[in-house]
Amino acid sequence: MDNEKGLLIVLSGPSGVGKGTVRKRIFEDPSTSYKYSISMTTRQMREGEVDGVDYFFKTRDAFEALIKDDQFIEYAEYVGNYYGTPVQYVKDTMDEGHDVFLEIEVEGAKQVRKKFPDALFIFLAPPSLDHLRERLVGRGTESDEKIQSRINEARKEVEMMNLYDYVVVNDEVELAKNRIQCIVEAEHLKRERVEAKYRKMILEAKK
């Protein structure tokens, strides 16, 4: 039988909810076979991050040139910085039968939903907004004003939860990782994803 086309897995949620931490734990698991689509951003690199591994870090001018060339599946400006997902890698990798994993902002996920309605959308939620504030403060990288801005934005993003297929609460990183892996496995077993393949098998058997 032909290889099944890869699944586009979209993980997003409020800033500070732990998207990057959960994504890293998923890809540290030897059983993970997803391909990670690295996003581009104009924000400053944080301690421990590596260009071309965590993000492609670009200047604002360089990013805007790529926007004009229509090189993104999605892009968004969030708290003064651009974030975007390069388009060609995602399409090529899915056509090869690989699942592609995107870790993006909520505004970007809305754009992906329009272009890839069959993608799998997972919202990573904090146990509470107070818990989210503690995480942001614990980073020690932003002012109180910036943190409050992110909390205000998080309230709006939680209200957009209905755009997603699944919600995973990040109360513990290992549990969140396991839940996401189970969701992806179940998604591959959906009747609408495998039906065409088996119909083709039946037709070929009748020849």
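Every residue gets a Cβ built from N, Cα and C, even glycine.
Features as listed in Swiss-Prot:
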| type | residues | note |
| --- | --- | --- |
| BINDING | GLY13, PRO14, SER15, GLY16, VAL17, GLY18, LYS19, GLY20 | ATP binding site |
| DOMAIN | 6-185 | domain 'Guanylate kinase-like' |
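Listed in sequence order, PRO126, LEU132, ARG135, LEU136, ARG139, ARG150, ALA154 are the same-chain residues at least 6 apart in sequence whose CB falls under 8 Å from the CB of GLY16 (ATP binding site). For the recorded site, GLY13 (ATP binding site), the DSSP three-state label reads coil. Looking only at other Cβ atoms within 10 Å, the busiest spot among the binding-site residues GLY13, PRO14, GLY18, GLY20 turns out to be GLY13. Residues LEU124, PRO126, LEU132, ARG135, ASN170 surround the recorded ATP site, their Cβ atoms falling within 8 Å of the Cβ centroid of GLY13, PRO14, SER15, GLY16, VAL17, GLY18, LYS19, GLY20, which are themselves excluded.
Mean pLDDT for the domain 'Guanylate kinase-like' (6-185) in the predicted structure: 91. Neighbour density for SER15 (ATP binding site): within 10 A of its CB lie 21 other CB atoms from the protein chains shown. One residue stands out among the binding-site residues VAL17, LYS19 for having the most other Cβ atoms within 10 Å of its Cβ: VAL17.
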